[in-house]
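Input: a single structure, listed below in structure tokens.
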Amino acid sequence: MCATWTGPSLKVHTCIAQCTLHKPIRMLSLSHTHQRDRTENENEAKAPAPVVQQHIHIHNHQKRFRHQIQRQSSYLLPRRDLICKITKIIQSSSPSIDPYLELSDYFETLTLTLTPSEVSEILKSIQTPRKALEFFQFCSTSIPDFRHDCFTYNRILSILSKSSAPGALELVRRIVDEMEKNGIKGSISTVNILVGIFGSGGEGVVELERCLRLVKKWDLKFNSYTYKCVLQAYLRLNEVEKAFEVYREMRRRAYALDIFAYNMLLDALAKHEKVEQAYKVFTDMKRKHCEPDAYTYTIMIRMIGKTGKADECLALFQEMITKGCTLNLIAYNTMIQAFARNGMVDKVISLFSKMIKNNCPPNEFTYSVILDVLAVEGQLGKLDEVVEVSKQYMNKSIYAYLVKTLSKLGHASEAHRLFCNMWTFHDKGDRDAYMSMLESLCDSGRTAEALDLLSKIHEKGISTNTVMYNMVFSALGKCKEISHIQDLYEKMKQNGPLPDIFTYNILISSYGRGGRVDEAVQVFEEMEKSCQPDVITYNSLINCLGKNGDVDEAHMRFKEMQEKGLNPDVITYSTLIECFGKTSKVEMACTLFDEMLAEGCFPNIVTYNILLDCLEKCGKTTEALELYVKLKQQGLTPDSITYSVLERLQSGSHKTVRIRKQNPITGWVVSPLR
């Protein structure tokens, strides 16, 4: 018979289910037991002496075991068949049937109860946190004489710690409250679980401090694992100072950290620029015989590189090589970045060359660091050397990245040179890179290259779209290349994508800038057949008509705009006021200005300057000064154009006016003009 004692209770192994007589052990009533004992005693009296002694020994052992079982209220070791049965009921029930009704009936039929260890095993077997919590609550409310202990609480807390459900943290809080209310003393494992949960969410430090108070309340002692949990929790909560204090306490207690914990602490200290503390941890790490790995060195190099100490970075890099650490992409990028921060272009290119020689492929970050330092130091010419050294790794995505970056930085020539290489070496193009290149060419006024790219882009498997055409139209319009605009517009109508409202607005504005009023009106009429003009469209057309002398037509379009339910904006009013002013129709300009105010469209400083200039040229000094007063009352700040108009007013009249004027040296001063 196998039996072991643990504390005051008897733990029975599964082999005890049968005795030497190979009879199953059953729970017997007291009268049956006595009757059986009498029968066995009579038989033993007739047996030979040795057999009698052996039989008496076995009988007494069985008798003691039966009495022990009767004294026990439940099995102390988990009953596997019972655990499997209950788990099956909970997990296999259909949604329409309450599994806990079936469980209640099952317990009543067999007059069974469960031990905390069995409940813990069942919780472990249940797949989902929701079902585990339901069973946990069922045990405390529906199983007679059952009371959760520390182990069942630990089990449910551990299950909930893996849950991503929105209310999981609140459930954990309630369970901890329940533990305290019921007087259940947790173990250090309970604290470790809670630190892991609260150290990565919830109210952060507040709840973590509660975990530490529970350690004192339950009279527990921190172990090495608990310190690591608290350290990592503080780091996840961005509480670097508190994490460092935990680290110092661990050192005082001679607890060791693993490489993961050291790196996590070093990384946090480095990111918060705690250089002195990071050095201390790094030194301690080596003293404690925890060898730094490649990640450790990259953390230190990155941190020191920010301080401008390139020599120390290089020393650490050499130490890293001496220690046999693998020089991976992160290590090279970190060291290249350290050199770049100190403007060491030659060392950057030298290390980059070694990186390529050691068959370590660079990524976009590598090129971005090199590109930045070359641009800052004015040595973009060396980019060709970088490309040549790494030509074996210059794939389409790297070319595309360099083209996009150079275009955004405004280096159109360098971007175009690389773009030509990409065009030559790769049959399929990158849409983003081609768009960036086209935009860069347009922004820099290189319209010939932009037109050429737009016409050939389909050769690389990239279809043109309206946005591409609009970019080129806008660039041509700014350069007043009207003939190219007309040719491209005809090509677009025949083979290209359909024009949109932006296309029409750009065309009207471009024709107006080139003095081609008839073409602008024609585009406007074509537009009305396919889409509705907006405020910007009318602004462009009114500006085109007004600037080219057709003020009456411009005013008519203004009225048409209002009739169509479009509200003129400050640009519309300012444009038309300027048109009236240039044709000496000052009364119309003033009327339009008053209408603007009545409609709730507030003029800006440009509007005031236009009308002031109009009044000054027509000799209406009094009206101009009154308008200036309105400008000030509206809270607008006069600019150089405003003062220029006022000075002309002063020179043409005998009245002294004092105005506030900005002095480039002393700031705002009072001018004798006001």
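Any Cβ shown, glycine's included, is placed from N, Cα and C.
Quick look at what TrEMBL lists:
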{"type": "REPEAT", "residues": "223-257", "note": "repeat 'PPR'"}
{"type": "REPEAT", "residues": "258-292", "note": "repeat 'PPR'"}
{"type": "REPEAT", "residues": "293-327", "note": "repeat 'PPR'"}
{"type": "REPEAT", "residues": "328-362", "note": "repeat 'PPR'"}
{"type": "REPEAT", "residues": "430-464", "note": "repeat 'PPR'"}
{"type": "REPEAT", "residues": "465-499", "note": "repeat 'PPR'"}
{"type": "REPEAT", "residues": "500-530", "note": "repeat 'PPR'"}
{"type": "REPEAT", "residues": "534-568", "note": "repeat 'PPR'"}
{"type": "REPEAT", "residues": "569-603", "note": "repeat 'PPR'"}
{"type": "REPEAT", "residues": "604-638", "note": "repeat 'PPR'"}
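According to DSSP, the secondary structure content of the repeat 'PPR' (293-327) in residues is 26 helix, 0 strand, 9 coil. Residue counts for the repeat 'PPR' (569-603) under DSSP, helix first, then strand, then coil, are 26 helix, 0 strand, 9 coil. Taking DSSP states H, G and I as helix and E and B as strand, the repeat 'PPR' (500-530) has 27 helix, 0 strand, 4 coil. Below 8 angstroms of C-beta separation, residues 228, 231-232, 235, 238, 240, 243-244, 247, 251, 299-300, 302-304, 306-307, 320, 323, 325 of the same chain, each at least six residues beyond the ends of the repeat 'PPR' (258-292), sit close to that stretch.
DSSP assignment over the repeat 'PPR' (258-292) gives 26 helix, 0 strand, 9 coil. Using a Cβ-Cβ cut-off under 8 Å and counting only residues 6 or more beyond its ends in the same chain, the repeat 'PPR' (223-257) has close neighbours at 188, 191-192, 195-196, 198-200, 204-205, 208, 212, 215, 264-265, 268-269, 272, 274, 277, 281, 284-285, 288, 290. In the predicted model, residues of the repeat 'PPR' (430-464) average a pLDDT of 90.
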